[in-house]
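Have a look at the structure below before the remarks.
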């Protein structure tokens, strides 16, 4: 009877959701029959409902003989999943003899956590097709989350699932998928719709608090700020990020992402703020909330921050750790190279990059671009060109051709520049003949050759262009111009192909053209000249005429028999015979004054006239006693050299000062 009563209590508590009380009753049952399968199963469920996953798993493992995998497979896998033992959860699910609906749901979640998105998509599609209950909306949300993840992390073009975006979660996931495709404006519209639906949904939910609303909106706002950042609106993004942080959301994953994004905005500026933000990325549980790529990005930024804050050893340690985790990844090596460059070890940095390029040919192009940049920084332009020309997959790109031609021109190596053009044109001739880029390159090559006097080579390029488009008058004109310098007869023959002047109806308003902003010379209108201006202009003209007629004036004391002074054009001070000006009488009188008068020099030696004594005003009439020698004393220390009476005043003042505790 007692056992039945306890079971009744367990049943009643379970229905009411009071699992702590139910657990007490179950434990009482197990005291009587410790190997009761149903009681043990109930105990595990109660522990899971109370969030005691470790304890529940411990019960499962210690009673593995009684609780067979078929009975307890879901509960065991769920505990492992909640304890972030995802690989173990997957094994538990796969080893279960019967795949129940509950296990299939959990399987989908596990695959998502393991970032196996293709398998996950198949699992959720199967679940949606074969399930009919109140959780259909949740499954569709999960399905849209998988598609968003594929778009964001794997750059997979998401397929249209045909889901009606009736909830803010579906709207948000759709926005994430659009961000992955680079459709930022559309994504922003979707997020605004998600925000509206979120407010509406939570206002209708009587249990939802203001904090719940803010927490849900924080995720949406965080994604809005990210779009702003991608669009280059960094100030707006920063403002919104900081607003979210001030709300102190409980989601450590959200905070870590926002903190990381702020660090990327700060770059090498505001490093003190970045150091504070790094703490948010180190919060407990972050590693279980974010994807591998997000965690990796955070680690990269920590290494860069260490470099910006001149923590060289820390930077090396972090980048080396990242390289060991992802040997094929480019960023750790680039960070190490950047750190070496900051330490002025360019040769070592280039060596490091060279080794990586040889070990990982797939990433060689980006590495070689960095190496070329370092060579240019060192002033080795020709070596930089050699490195760039070794990147075969970029040889024909217009940007690469332009860069190489500019660099070779700088080094005055015209032959190599022409060779770059020739190789690129040959590539297009083989793979994309007559494409706009191909023809554009031929024209650029011709212009370059004409500029550098390679007329015959330019003519062959221009003939090729004209052959492609015989109606191109501009090319024909260039061709005639080039031939006129090497073969005038050929130029005459070709000029017959030019359109006649009658067919060229050039209706040009000369006045409008001259007065336009683009005109380099603007003719002044006669009507606008005032009388004064006219006189001024005429006057200037007359002066110029007179200057031509006038003979050079000779000095009044000119003697044709005497040879002019060869140093006459030099200032007097700079002439070899200059002995300086004679000193005036007044200056000679310094120090010859009346008996008892003082000079500036003696006032400096007077112990009673220290810097700490207050400056006194000289008596009227004593100003002249400040002699010419006063310019020896710097202005701040200058003191008037007065008569002995002034000294007495100073001494009296000192005595007064002594009374106040000098």
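Each Cβ is built from the backbone N, Cα and C atoms, and glycine gets one as well.
Range annotated as coiled coil by TrEMBL, chosen from 30-85, 86-141: 86-141. Assigned with DSSP, the residues of the repeat 'TPR' (218-251) fall into helix, strand and coil as follows: 26 helix, 0 strand, 8 coil.
Looking only at the domain 'Signal recognition particle SRP72 subunit RNA-binding' (524-580), the predicted model's pLDDT averages out at 66.
For the compositional bias 'Basic and acidic residues' (556-577), the DSSP-based tally of helix, strand and coil residues reads 3 helix, 0 strand, 19 coil.
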